[in-house]
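Participant: Shown below is the structure under consideration.
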Amino acid sequence: MSATTKTPTVPEGRTASQASAVTRLLGDRRLPVLVTAALFLAMYITGLSRYQNYGFAEPQVFLNLFIDNGYLLVAAVGATFVILSGGIDLSVGSLIGFTTMFTAWLVERQGLPLLLVIPLALAVGAFGGFLMGYVIHNFEIQPFIVTLAGLFLFRGLCLVISKESISISDSTVSSMAQTRVSLGLGELSIGAIVALVVLAAAFYILHYTRFGRRVYAVGGNEQSALLMGLPLGGTKIAVYTMSGFCSALAGLLFMLYIQSGDPLHAVGMELDAIAAVVIGGTLLTGGSGYVLGTLFGVLVLGLIKSIIQFEGTLSSWWTKIATGVLLCAFILIQRAMTARKQT
Amino acid sequence: MSTPSVATTSRWRALTHHNLFWPVAVLIALLLVNVPFTPDFFAIKMTDGHLYGSLVSIVLFGSPLILVAVGMTLVIATGGIDLSVGAVVAITGALTCSYISDQADQNALAGVFLAMGIGLVAAVVCGLWNGFLVARMGIQPIIATLIIMVAGRGVAQLITDGQIITINSEPYKLIGGGYWLTLPFSIFVVAAVVAVTVALTRRTALGLLVESVGGNAEASRLVGIRSRRIKIMVYMFCALCAGIAGLMISSNTSAADGNNAGLWIELDAILAVVIGGTSLLGGRFSIGGTVVGALVIQTLTTTIYTIGVPTQTNLVFKAVVVIIVCLLQSPKFRAKVFGANGPKGLRRAAAPAPATPAADAAPKMEVSR
């Protein structure tokens with residue numbers, strides 16, 4: 001196993017060219033993203049061949065992936081930032097649930113206009129993320145525990161608002177939820193478009209701004225980042241604030257998608273988000289990964305769901321099992337990659 | 001450092017620095033909070049040859065949590081974490097109940113024992129898988145156990161076919177809901193598991209090995225400890241505990257629910273371990289502390305019911321407790337808040353010398369409990 005690992009950067013000689021090509025491929029950070037993209041394509045083509053007569057080939061089936069998973073994409077983008085910085089955020093699902101509940105309550109019970117509620121909900125989410133980031137950085141408590149407390153807190157606050165679900169009949173919400181933007185081949189909902197905009201913004205921030213480089217640096221090696229003079233605390237807090245903001249935005253999209261607030265909405269969504277990030281090839285130790293990979297991760301998870309729907313005979317719990325198996329496979333791929341890099 | 005004149009204060013200090021002091025103090029405080037609301041809170045009645053009372057029911061309802069938390073303590077002591085216990089609880093319950101429900105005679109002892117055996121073996125296999133991923137493949141414990149946390153519930157639902165399987169088996173009912181010698185039977189199960197764990201970890205070198213693996217896995221390996229084997233063992237033990245808890249939960253309700261059995265129990269268990277004073281960084285653990293921690297959580301839940309706080313604030317309460325406990329455990333927070341002001345800071349500055357040996361001795365003192 002370790003015979004080929006010593007020469008990752010050796011210029012290829014005649015004999016070693018085969019081996020070094022393999023090492024280079026395994027050492028390439030883009031490999032997991034490519035694997036995920038290939039997996040997505042393979043799954044899509046399988047779906048095409050199996051369910052051709054059931055309308056799987058319609059472009060709308062593909063676009064529905066974005067419509068049905070837009071909120072997950074936004075949450076996963078937030079989680080990507082946190083995981084790239086070497087942390088973890090378990091409060092995503094609760095914060096999504098809380099946002100649906102909070103907005104539904106403000107719009108329906110308090111009669112506030114939606115335009116006022118949206119910035120308010122986003123601010124609450126971002127502030128929640130900020131607080132968690134502040135505690136994680138300033139008191140050096142593990143992110144796992146702090147965001148776990150966040151999970152309890154936001155889920156609890158949902159229940160404090162109301163034990164029953166609140167359905168939203170506000171006309172602005174329903175008209176926004178039903179708006180479809182035509183793309184020629186098919187149509188997208190507002191939620192899907194927002195998700196794509198968030199993805200583009202995250203891509204820009206991560207790869208073309210100073211902050212993006214800091215996130216990678218902090219995730220790669222916190223100590224080195226500190227010694228380089230990077231603002232460690234600021235970066236970490238900003239990352240959790242961003243994750244809180246993304247979760248709140250995901251909550252708004254989820255609210256649009258489902259048009260109600262429920263204290264049990266999005267239970268366990270953090271696992272889906274983390275799974276999408278991992279399947280998208282981001283290293284859970286931080287410092288390596290791409291936000292585009294997260295897109296493919298979300299699409300793969302979404303495709304599993306729609307294939308199970310098309311199959312008809314499979315039950316919903318196969319989604320969980322398939323997600324777990326994929327998660328396992330990708331973690332092992334990551335492990336193989338990092339093992340080669342270290343030796 | 002301790003002149004005769006301050007002998008009592010130093011004894012007091014030794015007491016407050018005992019690692020069980022704060023968890024026990026919190027537990028007692030929580031129990032006392034109940035008294036004004038239900039004056040006969042501590043009363044234990046004898047009805048039909050069974051003991052009833054709030055204290056008994058706290059232990060009864062808390063027993064699955066205690067079991068899971070004890071297993072979790074050892075995993076955390078090796079510097080790991082096990083998120084899959086909730087899924088393991090669900091799988092064990094589902095397998096056992098579905099096997100029993102297929103039996104012609106659900107009260108047959110052999111069938112019940114076989115069913116329990118099948119469930120526990122499945123649990124241990126889950127633990128083996130976790131241990132394999134963590135120790136052999138070198139994957140971070142959070143991630144490695146996340147796999148079964150996600151997939152396990154799906155598997156449990158697959159076993160129960162997405163339904164709640166109800167059974168009607170007298171012998172099986174005993175383990176989670178039956179009585180023996182006037183006490184709930186599950187108390188004896190918990191006592192046995194805790195006793196075996198304490199004996200194995202404190203009477204043999206096993207506990208020391210676990211702590212040394214948690215302190216520094218690589219160094220332990222170099223001094224000749226098979227740290228991988230210890231890690232795998234610890235995950236298997238944790239899963240076994242979760243499996244027994246799964247039997248208890250499904251037996252108590254006489255039903256297996258793949259979706260909700262043991263939901264969030266991993267979070268409660270981690271919380272119990274943290275309240276009990278085991279550091280999440282590994283390298284040191286206290287089984288006694290964990291048991292007290294689990295009782296604190298169960299008492300908190302009971303208290304919320306009895307004092308009439310709306311039950312939906314339960315989670316907010318829990319969140320506040322987690323935050324306070326974690327902040328108090330954070331050295332940086334203590335330094336910031338208590339560090340620079342007044343006599344408390346002075347005492348802390350003077351304390352380290354006697355405090356450190358006390359903290360070191362504490363885990364060993366546990367042998368005598």
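Yeah, the Cβs are placed from backbone N, Cα and C, and that goes for glycine too.
Predicted, not measured: the structure shown is a model, and the values here were computed from it.
Below are the features I grabbed from TrEMBL:
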TRANSMEM  A:31-49  transmembrane segment
TRANSMEM  A:61-84  transmembrane segment
TRANSMEM  A:90-107  transmembrane segment
TRANSMEM  A:114-135  transmembrane segment
TRANSMEM  A:141-162  transmembrane segment
TRANSMEM  A:183-206  transmembrane segment
TRANSMEM  A:237-259  transmembrane segment
TRANSMEM  A:271-304  transmembrane segment
TRANSMEM  A:316-333  transmembrane segment
Participant: With contact taken as 3 or more Cβ pairs under 8 angstroms (pairs 6 or more apart in sequence), are the transmembrane segment (A:271-304) and the transmembrane segment (A:316-333) in contact?
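Facilitator: Touching, yes - the transmembrane segment (A:271-304) and the transmembrane segment (A:316-333) meet the threshold of 3 or more Cβ pairs under 8 Å.
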Participant: Taking 3+ C-beta pairs under 8 angstroms (sequence gap of 6 or more) as contact, is the transmembrane segment (A:237-259) in contact with the transmembrane segment (A:114-135)?
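Facilitator: By the criterion, they touch.
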Participant: Hey, which bits of the same chain come close to the transmembrane segment (A:316-333), Cβ under 8 Å, at least six residues off its ends?
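Facilitator: Same-chain contacts beyond the flanks: 31-32, 35-36, 272, 275, 278-279, 281, 284, 300-301, 304-305, 308.
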Participant: Using a Cβ cut-off of under 8 Å, list the residues of the same chain at least 6 residues beyond the transmembrane segment (A:61-84) that approach it.
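Facilitator: Beyond its ends, the transmembrane segment (A:61-84) has Cβ neighbours at 44, 55, 92, 96, 143, 183, 185-189, 191-192, 194-196, 198-199, 202, 206, 215-216, 219, 239-240, 242-247, 249-251, 253-254, 257, 269-270, 272-274, 276-277, 280, 282-284, 286-289, 291, 294-295, 297-299, 301-303, 305-306.
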Participant: Looking at A:31-49, A:114-135, A:141-162, which one has the highest count of Cβ pairs under 8 angstroms to the transmembrane segment (A:90-107)?
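Facilitator: Per the Cβ under 8 Å count, A:141-162.
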Participant: Sequence-remote contacts (6 or more beyond its ends) of the transmembrane segment (A:114-135), Cβ cut-off under 8 Å?
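Facilitator: For the transmembrane segment (A:114-135), the sequence-distant neighbours (Cβ-Cβ under 8 Å, at least 6 residues beyond its ends) are 89, 91, 95, 99, 102-103, 106-107, 141, 143, 146-147, 150, 154, 170, 172-173, 176, 236-245, 247-249, 251-252.
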